[in-house]
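One structure below.
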Amino acid sequence: MVGESTIRNFAIIAHIDHGKSTLADRLIEACNALSDRDMKDQVLDSMDIERERGITIKAQTVRLTYAAKDGVVYHLNLVDTPGHVDFSYEVSRSLAACEGSLLVIDSSQGVEAQTLANVYKAIENDHEIVTVLNKADLASSDPERVKSQVEEIIGLDASGALLISAKTGMGISDVLEAIVHRLPAPVGDANAPLKAILVDSWYDPYLGIVILLRVKDGVLKKGMKVAMLSTGAVYQVDNVGVFTPNKQMVDSLSVGEIGFITAGIKEIADCKVGDTLTEDSRRCDNPFPGFRATCPVVFCSLFPVDASSFEHLREALGKLQLNDSSFTFDMESSTALGYGFRCGFLGMLHLEVVQERLEREFDLDLTATAPSVVYRVTDKHRVTKEVHNPNDLPESHEILGVEEPWIAATIMVPDQYLGSILALCNSKRGEKVDLSYTGSMALLKYRLPLAEVVFDFYDSLKSVSKGYASLDWYVDGYVPTEISKLTILINSEPVDALSCIIHKSKVESRGREICERLKDLIPRQQYKVAIQAAVGAKIVARETISPYRKDVTAKVYGRDVTRKMKLLEKQKKGKKRLRSIGNVNVPQSAFIQALKMKD
């Protein structure tokens, strides 16, 4: 058991690619937590996708032992948090487990939107914040400009900001000294009933469900019976341990310590991030504030390209859900694509990561339908239900009203790109809330429909700003809207996989776009193929694929016009009969390309 006066719990918060995981590597190296043989880049990022994309997806923790210059040995608990907006709830719960934060900012890039969002979460949790300016060895580094941004935009005193290079190791000893002397020790009562916050959970093939937690009060011991306050579920603790970053079993965790337990838990859904864990026989009175169950906000359907892979896909989704309780899936069927699953995600990055993991780790070939958001639909009987699948949307005469989710977005961009960003936001039905300037940077606040953002808003934002704009957002309630179900017909047959829910103002343009794309993708047939976009009985767009035409009059010599007319009439009847009995063979690649929606 460790005395709380020598414990420091801290998180590293930063925008994507500002050097957060690299700094964690240098701290682990400086504290000799791993041998040279075991040390690798982004040691806390366990997934290949995390390393390749340079992002952190799952919150990770490591206990480091540091002998400070004052002769005291400190125990540092580092929580490496995700930086992307999709995982912002994970960040807020990780920050609730700490007393301080290292605010890492790229000294050449400056403050960005997600830096802002995460530092405000740290301030809400009463964190002591140490500002660290990374990449100070670069020629483009401008520490003074970034310090003034920190003071003007965030409102923190940047006079004590540390200049470091996580890549070369410059200034790492200063960071460690700042952690032990500038960040506070945890406060708690070891004699009070056990109270611990659940930071993360995942599935381990040997240990079962592993819970990462921080003890606030009391002592957590092996063999203790513990209860989850949100679900009331009771378990007996089998193992208690810490990450150094390798697993190390211990007898107990006391006030301020961060570690893991296993307790024979079978379902990851029982372990909700942010939940309070307490001793069953002596429960704490009040749970940690701010707990909420994470709900998917973006949905799409995943179908295996090879129908025989359906069971393999079901198993793969089940395994991913063991590590990610915010991800949901339900079976569905499509006449065009066969059997698949309707999946729910926290955002577009979450969707991309899950799809990439399915394809890479489980060797699956998948078709994904267009992403959709959750609409609240009130029917004429005044019954409200949530709809995210176009096939579940009632007919227009059955609908009394519809509400769609809107987001509050914060965009930071150099002022020379402001005009393009404003035009982009307005084209997405956005409403400007605020605009302020700090030096050459514009801080823009907008409200936007989530349905407009999930398609390609982030890509368009980066494109019009040459990659300089940064975005942070959160769902900010529901707003009444007018939507339509756009149905795609091929030779008068509806294709359910291409149906989508769209705002009424975008119906014609989106319908025309899909029809034009399908015209290029569907092979020509022996007969004419009509591709139509419809809303109810009204056709809003149409494209026609011309048939192949065999020259049946080639063998007719001379000027026998009646013979030619007879052959042409016979060909016309044959094509008419062929059209009535023939199905248009739409290749799988056509669905995939048609569903890659771009404005």
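Glycine is no exception: its Cβ is also placed from the backbone N, Cα and C atoms.
Classification of D17 (GTP binding site) by DSSP places it in coil, neither helical nor stranded. The GTP binding site feature in Swiss-Prot is assigned to D17, H18, G19, K20, S21, T22, N134, K135, A136, D137; the stated evidence is sequence analysis.
Per Swiss-Prot, the feature domain 'tr-type G' maps to 5-187.
The maximal spread of the GTP binding site, taken as the longest Cα to Cα distance among D17, H18, G19, K20, S21, T22, N134, K135, A136, D137, is 18 Å. In the three-state DSSP assignment, the secondary structure recorded for N134 (GTP binding site) is strand. With a cut-off of 8 Å between CB atoms and residues at least 6 apart in sequence, the same chain places A14, H18, G19, T22, L23, V104, I105, D106, S107, I164, S165, A166 near N134 (GTP binding site), listed in sequence order.
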